Amino acid sequence: MYLKSLKIYNFRKFGTNNNKIEFVDAKSFQEQRNKKEVNIAPTTTLIVGKNNCGKTTIIKSLDNLINNNKDAFKANDFNFLYLKKLIEYYEQAIPKLDDELKEKIKTPYLQFNICIGIENNSNDLVTNIVRFMKLDDINNSELKIVIKVELENEEVFIRDVKKLLEKNDNSSLRFNSFLELINDSDFKINYYNTDNDKIDNFNIKNLIELRPIKANNIESEKCLSKAFSKIIEYRYKTLFEEESDNLNSTIININRTLTKLISEKHTVSINKSLEEIESNEKLQVLLRADLTFQNVMNNLIKYEYVERNMNIPENQFGLGYTNLMMIIADLIDYMEKYPENSFNSKVNLISIEEPETFMHPQMQELFIKNINEAIASLLKSKNKNVNSQLIITTHSSHILNSKIHSGNTFNNINYVTTKNNYTHVVNLHDDIIIPKSEKKAHKREQDLKFLKKHIKYKVSELFFSDAIIFVEGVTEETLLKYYIDDNNKLNKYYISVFNIDGAHGMVYHNLIEILQVPALIITDLDIERDDDEKKNFKQISDLTGKFTTNKTIKKYNDDSNSLEELQHEQLKINNMYIAYQGKIEEYYATSFEEAFILTNYKNELLNSVLKKMKPQIYENIMGEGDDFTKIKENSYKLQKKLSNDKSDFANELLYKFITEDITIPSLPKYIKSGLSWLAKKLEGEE
């Protein structure tokens with residue numbers, strides 16, 4: 001058996017929509033089971049998202065339910081928006097309670113829907129769960145369990161709510177009193193099937209085990225010694241009883257030898273001295289050795305690592321390495337102690353929350369690979385068949401990369417964010433990110449392969465960004481970061497800028513829409529020119545009969561590459577804003593550099609950079625005078641001459657932005673409009 005999904009209703013930030021967390025699909029689980037080599041990566045569930053979005057809530061809900069901890073659910077665990085709507089309902093319903101109202105009064109509850117996958121020809125014990133199963137469930141090889149945290153006495157609760165409403169007129173005081181009432185009320189955990197039939201004498205703990213592993217568990221300089229001492233102690237006491245008896249016999253003999261030696265060397269001499277003070281019948285000391293198995297485990301085991309044949313003590317370990325080893329120590333402890341029959345008859349979950357603590361990026365990138373190899377080694381050495389699912393919560397882009405590349409898939413990744421004050425879960429899957437297509441099967445495979453590889457190079461930050469900007473060149477990538485930092489509306493948000501050319505950037509569009517992160521895509525008109533126009537550096541002032549080579553514009557322009565009827569300067573598609581050049585100072589720019597030159601052709605700083613970068617060309621254009629309209633009229637020529645020096649051009653501009661007290665050039669209008677849209681989107685105005 002394995003955990004397929006969990007739906008959370010009204011618990012903390014969770015509401016009633018976009019509340020499903022997917023763990024393992026049948027295909028991934030079966031593929032892992034059929035492989036000879038252990039590889040937990042494809043079935044590892046990753047829960048990613050920024051801080052305070054609901055990642056920990058998912059693990060907490062499982063922990064409370066599995067441990068049947070009904071007392072752990074307090075008023076603060078209910079979604080406050082849900083409770084506010086509930087009290088508004090009471091204000092309307094309770095006055096009608098005695099006469100008009102016929103239906104049952106609603107009471108606060110939490111709900112958790114668990115879906116368990118069952119393997120075909122499985123040896124899993126199903127006697128305890130058959131009451132939850134329906135014919136459809138059997139056909140789908142799954143069962144669904146509905147768990148509700150409900151009031152023990154609804155009548156008393158409704159009576160107390162009525163008193164509360166009569167007593168408090170102030171809405172704020174009412175709500176606080178309502179929270180106190182919920183805290184003072186007793187709740188129970190009930191189980192139902194999907195027909196809402198109550199199932200008695202059932203406990204989810206008999207079906208699911210959860211082992212939470214704390215990632216940030218470094219309490220002292222000797223935490224590793226303590227952790228591994230516990231493991232060795234358990235192994236001796238449980239797995240190697242005969243050796244344990246031999247060790248205890250050795251300890252007893254050591255105590256006898258030491259006690260005899262101490263007695264001969266010290267005890268007799270000390271007692272003779274004491275006889276001078278008091279009779280030895282009244283005052284005498286006994287010195288003896290007291291070495292125990294526990295003392296050996298706690299104090300005599302030293303944890304060291306070897307570096308170039310030198311033993312390095314534990315307190316010189318880096319925190320990241322110590323953190324990783326503590327996690328592995330917990331895994332060893334878990335697998336050593338857990339009985340084989342429990343692994344095969346239950347859903348076994350291991351959760352690790354935010355393991356990236358103290359780890360440097362490279363260690364994070366290899367985290368799942370390291371954990372996978374540790375588990376594989378443990379299973380091989382113990383000859384155990386451990387049917388466990390790993391659940392990791394993280395806000396590290398490196399751990400995300402680790403999951404994608406170790407498992408070679410986007411499957412089983414849950415992106416958690418907040419939307420309208422509710423937790424919003426997005427379930428990722430290869431088939432959603434790059435939809436299947438019979439006609440374009442090969443291209444789909446290539447796109448998916450590209451995305452898995454390319455996302456490693458910083459683009460994984462889009463999962464943790466407030467907004468993202470895609471650009472197609474080094475100039476706009478370099479300069480935009482400066483302009484964003486200088487923008488008081490945007491600089492308070494985490495905005496990532498990615499430089500990906502348009503054709504490859506399109507591979508990300510499905511993912512961007514799925515994640516619903518506001519995305520500004522800055523692209524170029526890429527006006528198609530004939531050979532004469534290129535040779536003579538012809539300026540374009542009219543788009544009649546003109547076409548674009550830009551695949552992004554073509555895709556969202558009804559698959560047409562004609563520029564004649566193209567919407568002016570932008571295309572809006574859901575959470576994406578595609579910005580491109582409109583007419584600037586009488587001309588249409590074909591690139592960002594040309595648009596920047598056209599917008600700022602009179603700007604002193606820009607002219608000084610152009611003159612420095614291309615002195616001969618600049619002099620030929622300007623001649624003896626200072627008529628800057630000549631710069632405007634030769635914008636295409638200038639951008640073509642700069643095409644091999646874009647990085648130098650961008651850095652020279654940036655250097656002058658920072659060091660010179662002079663008017664900074666403006667961004668082109670199409671980019672300004674895009675940034676304005678982004679600001680409104682982030683502030684909830686769009």
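The backbone N, Cα and C atoms fix where each Cβ goes, glycine too.
Feature annotation from Swiss-Prot assigns region 'ATPase domain' to 1-423; the stated evidence is similarity to another entry. Here Swiss-Prot flags Asn52, Cys53, Gly54, Lys55, Thr56 as ATP binding site, drawing on similarity to another entry. What Swiss-Prot records for Arg131, Lys134 is site 'Interaction with GajB'. Under the heading region 'Toprim domain', Swiss-Prot lists 463-599. Residues annotated as divalent metal cation 1 binding site in Swiss-Prot: Glu472, Asp559. Sequence annotations record features per position, and here Swiss-Prot assigns divalent metal cation 2 binding site to Glu476, Glu604.
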Exercise for the section: Would you kindly give the Cα-Cα distance separating Glu476 (divalent metal cation 2 binding site) and Asp559 (divalent metal cation 1 binding site), rounded to the nearest Å? Expected result: 26
Completion exercise
Same chain, |i - j| six or more, Cβ under 8 Å of Glu604 (divalent metal cation 2 binding site); the result in sequence order is Ile662, Thr663
Problem - Rounded to the nearest Å - Cα separation of Gly54 (ATP binding site) and Lys134 (site 'Interaction with GajB') - result: 32
Completion exercise
One should report the C-alpha separation between Glu472 (divalent metal cation 1 binding site) and Arg131 (site 'Interaction with GajB'), rounded to whole angstrom, as 58
Exercise for the section: Count up the helix, strand and coil residues in the region 'Toprim domain' (463-599) according to DSSP, in that order. Expected result: 47 helix, 30 strand, 60 coil
Handout entry: Residue from Arg131, Lys134, Glu476 whose C-alpha is spatially nearest that of Asn52 (ATP binding site), among the recorded positions
Key = Glu476
Handout entry: Non-site residues, in chain order, whose CB comes within 8 A of the mean position of the CB atoms of Asn52, Cys53, Gly54, Lys55, Thr56 at ATP
Key = Lys13, Gly49, Lys50, Asn51, Thr57, Thr393, Val416, Thr423
Practice task
Inside 10 Å of the Cβ of Lys134 (site 'Interaction with GajB'), count up the other Cβ atoms and send me the figure.
Solution key: 13
Completion exercise
Cβ neighbour count (10 Å, all chains) around Cys53 (ATP binding site) is 20
Exercise for the section: Give the distance between the Cα atoms of Lys134 (site 'Interaction with GajB') and Lys55 (ATP binding site), rounded to the nearest whole Å. Expected result: 32
